[in-house]
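Enquirer: Take this structure, written in structure tokens, and hold onto it; I'll ask about it next.
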Amino acid sequence: MLPMITEFINYGQQTIRAARYIGQGFMITLSHANRLPVTIQYPYEKLITSERFRGRIHFEFDKCIACEVCVRVCPIDLPVVDWKLETDIRKKRLLNYSIDFGICIFCGNCVEYCPTNCLSMTEEYELSTYDRHELNYNQIALGRLPMSVIDDYTIRTISNLPQIKNE
């Protein structure tokens, strides 16, 4: 008779413990119920990127002096700078500038150390293509400014999400 009573008590304790664990999990779930959703409907809604966002690099051909500082500070020696020395004026003339975004790690060193500020980071992050060779941008492709997410009328931007006040 005594083993049957102890088994019944153990069963009751296990049932109470299981109910407590289920209740704790349910309380955690309910604490998340009053939060706003994090996901967005991507092609139709886009988050506005921060000022410090490191997207595609924009290049201004006229400002570049072909000093190759960007190549030296790049951890993977990525920018390809072709130049020709003009002997009559003793200056370099830039012929070609290209960056392969399939290899670029978007560290921003080239932008930070450029002495003439001819490189800048944009908010463009949609660089996906079917062919990896299309990610090799020359100076013409790098010079195009992307359409701003803010200016695109087809997309609803989510900038300031209302905060829920806990009282």
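Along the chain as shown, residues are numbered 1 onward.
Every residue, even glycine, has its Cβ placed from backbone N, Cα and C.
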Enquirer: Look at the [4Fe-4S] cluster 2 binding annotation in Swiss-Prot, where Cys104, Cys107, Cys110 are given, and name the residue from Cys67, Cys74 listed for that site too.
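Expert: Matched candidate out of Cys67, Cys74, per Swiss-Prot for [4Fe-4S] cluster 2 with Cys104, Cys107, Cys110: Cys74.
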Enquirer: In the structure shown, with every protein chain counted, which of the binding-site residues Cys70, Cys104, Cys107 has the densest set of Cβ atoms within 10 angstroms of its Cβ?
Expert: Cys70
Enquirer: Please identify which of Cys67, Cys74, Cys110 has the densest Cβ environment, defined as other Cβ atoms within 10 Å, among these binding-site residues.
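Expert: Of Cys67, Cys74, Cys110, the one with the most crowded Cβ is Cys110.
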Enquirer: Closest of the binding-site residues to Cys74 ([4Fe-4S] cluster 2 binding site), Cα to Cα, picking from Cys64, Cys67, Cys114?
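Expert: Looking at Cα distances from Cys74 ([4Fe-4S] cluster 2 binding site), the smallest one goes to Cys114.
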Enquirer: Select the closest residue to Cys64 ([4Fe-4S] cluster 1 binding site) from the following binding-site residues, measuring between CA atoms: Cys104, Cys107, Cys110.
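Expert: Comparing Cα positions, the closest of these binding-site residues turns out to be Cys110.
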